[in-house]
Amino acid sequence: MDSIGENILEKGLLLLGVELDQSQVKVLLAYLRLLEKWNQHYNLTAIKNSKEMISKHVLDSLSIESYLEGRRILDVGSGAGLPGIPLAIARPGCEFVLLDSNAKKTRFLFQASVELGLPNISVVSERVEVYRPSHLFDTIIARAFAKLVDFVAQAEHLCKPRGCLLAMKGRFPQDELEALPASFEIVKACSLSVPEINAQRHLVKLRPRRAGDH
């Protein structure tokens, strides 16, 4: 990752309003270099261009940083560590669990957490619907889950009673929102502006309804 890439990243962070110190920026760049290296052999992401990785992976991940709640965060289907690793770098005071059922991907996630020196990351190789942690989560994130109704059905047992689910989507998922069960309320469904990305990006924030909520 050259100085041009570093400039693109720093400019993007400024536009997103995400404040990181120089050491955090260096860890983000080290993550991208590691991802490029592993991607040559393990096909972790279809994006090969380093400049595209900055925008479509790192900046896209950090576009939801301000929506995180609490200290205990779960990244469902983390894959190559997106959005979990960039968010863990930005939020060192939070505890992140990166969950993926693909052993090849969890090997990369574990290696990345060690090489990047990220003690706030734990990696779990498990399917979300059978994952049973000892403690529930304040925020559960999914970046590439097929449908909202499936995300809710498979992850709701992991959410604290007043926690939230964050679903990162492309186009506005109107049909998916209408199909959601009454047990969850839609807190927010908004567009995201990600530097260097022209495609539509949206975020849906959901919360479990309490008894008596209407």
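The backbone N, Cα and C atoms fix where each Cβ goes, glycine too.
The S-adenosyl-L-methionine binding site feature in Swiss-Prot is assigned to Gly77, Leu82, Val128, Glu129, Arg143; the stated evidence is sequence analysis. Note: Gly77 (S-adenosyl-L-methionine binding site) has non-local neighbours Leu99, Asp100, Val128, Ala142, Arg143, Ala144, Phe145, i.e. same-chain residues 6+ apart with C-beta under 8 A of its own C-beta.
Listed binding-site residues: Leu82, Val128; maximum Cβ neighbour count within 10 Å falls on Leu82. If you draw a 10 Å sphere around the CB of Glu129 (S-adenosyl-L-methionine binding site), it holds 12 other CB atoms from the protein chains shown. Across the residues the record lists as binding S-adenosyl-L-methionine (Gly77, Leu82, Val128, Glu129, Arg143), the two Cα atoms farthest apart are 19 Å from each other.
The Cβ neighbour count for Arg143 (S-adenosyl-L-methionine binding site), using a 10 Å radius and every protein chain shown, is 20.
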